[in-house]
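S.K.: Here TrEMBL flags B:5-144 as domain 'Aspartate/ornithine carbamoyltransferase carbamoyl-P binding'. Sequence annotations record features per position, and here TrEMBL assigns carbamoyl phosphate binding site to B:R54, B:T55, B:R104, B:H132, B:Q135, B:L267, B:P268. Annotation comment: TrEMBL describes B:K83, B:R165, B:R228 as L-aspartate binding site. For B:152-301, the entry in TrEMBL reads domain 'Aspartate/ornithine carbamoyltransferase Asp/Orn-binding'.
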Amino acid sequence: MLTINSIKKGIVIDHIKAGTGIKIFNYLALNKADFSVALIINASSSKMGKKDMIKIENAIDVDITALGLIDPNITINIIKDENIVEKIYPKLPEKVEDIITCKNPRCITSMENYIPHEFYLVDESKGEYRCRYCDEIYRLTEI
Amino acid sequence: MLKGRHLIDPMDFSVQELEEIFKLAEQIISNPKDFSHLCDGKILATLFYEPSTRTRLSFESAMLKLGGKVLGFYEPNSSSVAKGESVADTIRTISCYADIAVIRHPKEGAPKVASMYSDIPVINAGDGGHQHPTQTLTDLLTIRILKGRLFNLTIGICGDLKFGRTVHSLLKAMSRYENNKFILISPEELKIPDYIKKEVLRKGNIDFIENEKLEEVIDSLDILYMTRVQRERFFNEEDYIRLKDSYILDAEKMKKAPKDMIVLHPLPRVNEIAYEVDSDPRACYFKQAKYGMFVRMALILKLLGVDEHVND
Ligand SMILES: [Zn+2]
């Protein structure tokens with residue numbers, strides 16, 4: 001496996017589903033960063049087979065909630081003095097607005113386009129969300 | 001406090017709030033004259049984006065009996081809706097003219113959207129196959145009056161349990177009361193969906209059994225709730241014809257039913273209750289329609305907050 005120097009201070013986003021790293025990279029706009037960032041794809045993982053990782057050598061603010069929607073199984077490690085001082089697991093938000101769109105053709109949102117798409121968490125472990133209007137259930141993995 | 005609220009989902013109101021509505025409905029039934037002017041000067045708007053004559057007449061009659069007036073449309077082709085006006089704009093405009101609105105729409109969630117943009121209370125009168133809360137209120141008031149309680153009941157529900165939204169709402173609503181038991185009678189093809197079994201029945205630890213034959217279980221019921229098997233739910237005509245007659249209630253089956261069982265049906269019926277049953281004193285579906293109007297009267301009064309001087 002290719003090695004990338006461990007970082008002194010910053011954030012390591014680990015256990016990203018293989019293929020999803022680039023989405024998080026883009027979401028955090030890391031291509032515009034002026035600090036060092038490593039996006040590692042298809043790293044071997046005993047748990048996951050293959051995984052992606054992102055190492056960020058800077059203490060930036062990340063929206064853990066939004067990252068959780070992209071991939072709820074990630075681990076966010078906060079690094080200080082080359083040590084992990086905190087591990088954060090994202091929690092799925094209770095309410096999501098205009099990130100997921102309802103695909104039910106019978107739903108009023110399919111007919112009138114000014115309506116905000118709103119979803120409410122129904123099952124955290126399964127990542128299931130319910131449309132506010134038609135009650136259709138969606139899994140994050142389907143979206 | 002129900003004043004100013006909307007009714008979109010049958011579960012929007014707590015058991016206590018429903019109790020307030022039912023008590024008021026019972027007062028209206030015993031002394032209708034005391035209520036005949038409470039809505040003087042008030043206007044109910046009926047916005048029917050698809051026809052449903054029965055539901056619309058029930059609401060209109062409820063408002064007229066309270067002394068109020070009614071305006072609206074029941075043929076979207078002839079209205080601004082046909083010109084493409086949104087639900088949000090329609091309700092904002094109607095809010096200027098009326099004090100309370102009833103909306104029926106083919107799309108799921110349309111009444112919810114209306115309530116978000118409305119300055120006046122909005123009542124969902126059916127949104128596609130999704131919700132029809134005033135039917136549930138009607139069912140509960142009917143049971144409360146005819147059986148004297150909403151708990152300790154064995155409720156048989158027969159017919160299309162898969163697509164029937166009134167059935168799902170009734171199950172949810174009756175599950176909130178103590179010690180009710182359900183007997184779910186349907187053909188294999190139209191059984192209650194798994195998510196209702198899981199989310200409502202198993203989660204709430206509710207006693208239920210499933211059976212394919214009405215005559216096998218009818219003797220154990222306090223209530224028999226019949227539903228129609230809708231032609232449009234079937235993928236092909238052959239299946240419809242094969243199944244539609246499987247669950248017909250007739251005088252023969254009624255012989256096996258307890259003397260104090262009541263038969264309910266949301267109406268209109270197709271042929272699932274034979275006309276010979278109508279003269280049986282246990283056939284209560286026309287009374288149910290009448291209670292539907294009374295419960296809508298009570299609902300209108302509560303949402304408008306004009307019942308306040310009426311004694312409890
Ligand atoms: Zn929807």
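Cβ atoms are placed via backbone N, Cα and C, with glycine included.
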S.K.: 10 Å Cβ neighbour count around B:H132 (carbamoyl phosphate binding site)?
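M.R.: Excluding its own Cβ, the number within 10 Å is 22.
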S.K.: So for B:R54 (carbamoyl phosphate binding site), how many other CB atoms are inside 10 Å of its CB?
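M.R.: Here the count is 13.
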S.K.: For B:R228 (L-aspartate binding site), which residues in the same chain are close in space, meaning a Cβ under 8 Å from its Cβ, but six or more apart along the sequence?
M.R.: B:G159, B:D160, B:H265, B:P266, B:P268, B:R269, B:V270, B:E272
S.K.: What are the sequence-distant neighbours of B:R165 (L-aspartate binding site), meaning same chain, six or more residues apart, C-beta distance under 8 angstroms?
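M.R.: B:R165 (L-aspartate binding site) has long-range Cβ partners B:G129, B:H130, B:Q131, B:H132.
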S.K.: Work through the binding-site residues one by one (B:T55, B:R104) and point out the residue whose CB has the fewest other CB atoms within 10 angstroms.
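M.R.: Fewest other Cβ atoms within 10 Å, among the binding-site residues B:T55, B:R104, is found for B:T55.
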S.K.: In which DSSP state, out of helix, strand and coil, do we find B:L267 (carbamoyl phosphate binding site)?
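M.R.: It is coil.
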S.K.: Give the sequence-ordered list of residues that share a chain with B:L267 (carbamoyl phosphate binding site), lie 6 or more positions from it, and have CB atoms under 8 Å from its CB.
M.R.: B:R54, B:Y285, B:Q288, B:A289
S.K.: As a test of the contact definition, list every same-chain residue at least 6 positions from B:Q135 (carbamoyl phosphate binding site) whose Cβ is closer than 8 Å to its Cβ.
M.R.: B:G126, B:T166, B:S169, B:P266, B:G292
S.K.: Beyond B:R54, B:T55, B:R104, B:H132, B:Q135, B:L267, B:P268, what residues of that chain have CB atoms within 8 A of the centre of the carbamoyl phosphate site's CB atoms?
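M.R.: Neighbours found: B:S52, B:S58, B:A125, B:G126, B:P266.
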S.K.: Taking the Cβ of B:P268 (carbamoyl phosphate binding site) as the centre, how many other Cβ atoms fall within a 10 Å radius?
M.R.: 10
S.K.: Over all pairs within B:R54, B:T55, B:R104, B:H132, B:Q135, B:L267, B:P268, the annotated carbamoyl phosphate binders, what is the largest Cα to Cα distance, rounded to whole Å?
M.R.: 17
S.K.: Could you tell me the mean pLDDT over the domain 'Aspartate/ornithine carbamoyltransferase carbamoyl-P binding' (B:5-144), as a whole number?
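M.R.: The average pLDDT of the model in the domain 'Aspartate/ornithine carbamoyltransferase carbamoyl-P binding' (B:5-144) works out to 94.
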